[in-house]
Amino acid sequence: MAATIVSVKARQIFDSRGNPTVEVDVCCSDGTFARAAVPSGASTGVYEALELRDGGSDYLGKGVSKAVDNVNSVIAPALIGKDPTSQAELDNFMVQQLDGTKNEWGWCKQKLGANAILAVSLAICKAGAIIKKIPLYQHIANLAGNKQLVLPVPAFNVINGGSHAGNKLAMQEFMILPTGAASFKEAMKMGVEVYHNLKSVIKKKYGQDATNVGDEGGFAPNIQENKEGLELLKTAIEKAGYTGKVVIGMDVAASEFYNDKDKTYDLNFKEENNDGSQKISGDSLKNVYKSFVSEYPIVSIEDPFDQDDWEHYAKMTAEIGEQVQIVGDDLLVTNPTRVAKAIQEKSCNALLLKVNQIGSVTESIEAVKMSKRAGWGVMTSHRSGETEDTFIADLAVGLATGQIKTGAPCRSERLAKYNQLLRIEEELGAAAVYAGAKFRAPVEPY
């Protein structure tokens, strides 16, 4: 007799920013117990599936009691007696039948909330792995039909700007990727050493308080020029002795400083007395990136333009997409419909995989498979509001995404994922493969 679900219980817990989020426990007839919690983002794309919040004055409107109630009163009774190893069936049942809301980009989870559905989807996935007596990463690989497990290159967000930081920096994340490491363990060593070198460089140049950390564990020194951020990384990499082995990635989050009225980008958007003198066109911004790429070892640029600026995405991908990965986050929001459009229009060449943007494990797998078949790279990602849940570490290995960004090597909700990857690499032993320089295409499409 196959194990079946006997209970599904949701509760409100807190993320790393002190905001409420949803956690779900699933119990099965064979005694299996699994628990999962969902994250939430600060710079959210307008096309993301609905994250249901309560509104009102409690928790400044960010409570999730409605989402919790939706799990406990709508989803839970409907899942009792079902087989937790049937991931796609249960995800589709929740998304299409229990929720059933759609917009032009597909199933939008407006009724129950993507945070409610995803928490259950993640917990079911963990339960399925336990029932099958296999590691979670292997269960995910099996669900996707992937034969080759790969440890991802970590992209450590070590300098914060944009909506994540109180400084004047327009661009949101400056990352280091240890592509020259031979294993994930060595990648962690390189990342940590560059991080500590960066800390001392910043402290010396900007003073003690410049090494306070942001939401994702990176530093937010009060620098204004984006180029200065790149210069700091270059110096820290040199000081650590990893020039050529550690490269640079950026997440610009350009939607945050795009002006839809005059179609310009304002690199001075955080300045109180902003006179608009720093506003530039999409073409000018593209040239800024090209100059960065010619001067620094940049291998990845995420969200270089607004989430609706398909035109400049395509131009940039055509011009520098060979040497640099152009990653769609707000552009794609892990949505298979938007991924299909971007593939057709050659808008970018990599997917940022955030499970809570789409709201189920099955739809996330679909977006990854589509991306890989198009020859794209895939970067698994956390959100700025995280929990101690480590699901995305197993997800990155199981789907062989080749890359993961889950913050700096600082703050326990970030290290939880990196530490889980260390355990997975150890468990795989001689079979462990680190993506390294092949981070954009670590395996054949599946």
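Every residue, even glycine, has its Cβ placed from backbone N, Cα and C.
Positions annotated as substrate binding site by Swiss-Prot, on the basis of similarity to another entry: His164, Glu173, Glu302, Asp329, Ser381, His382, Arg383, Ser384, Lys405. Secondary structure at Asp329 (Mg(2+) binding site), as computed by DSSP, is coil.
What Swiss-Prot lists as active site, proton donor is Glu216.
Taken from Swiss-Prot, the feature Mg(2+) binding site applies to Asp251, Glu302, Asp329.
DSSP assigns Lys354 (active site, proton acceptor) to coil, not to a helix or a strand. Proximity of Lys354 (active site, proton acceptor) to non-local residues of its own chain (separation of 6 or more, Cβ distance below 8 Å) is seen for Gly41, Asp329, Val333, Thr334, Ser381, His382, Arg383, given in sequence order. The active site, proton acceptor annotation in Swiss-Prot covers Lys354.
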To test your reading of the Mg(2+) site: which residues beyond Asp251, Glu302, Asp329, same chain only, put their Cβ within 8 Å of the Cβ centroid of those residues?
Gln172, Glu173, Met250, Val252, Ala253, Ile301, Asp303, Val327, Gly328, Asp330, Leu352, Ser381
Top Cα neighbour of Asp251 (Mg(2+) binding site) in the set of recorded positions Glu216, Glu302, Lys405:
Glu302
I need the CA-to-CA distance for Glu216 (active site, proton donor) versus Glu302 (substrate binding site), whole Å please.
17
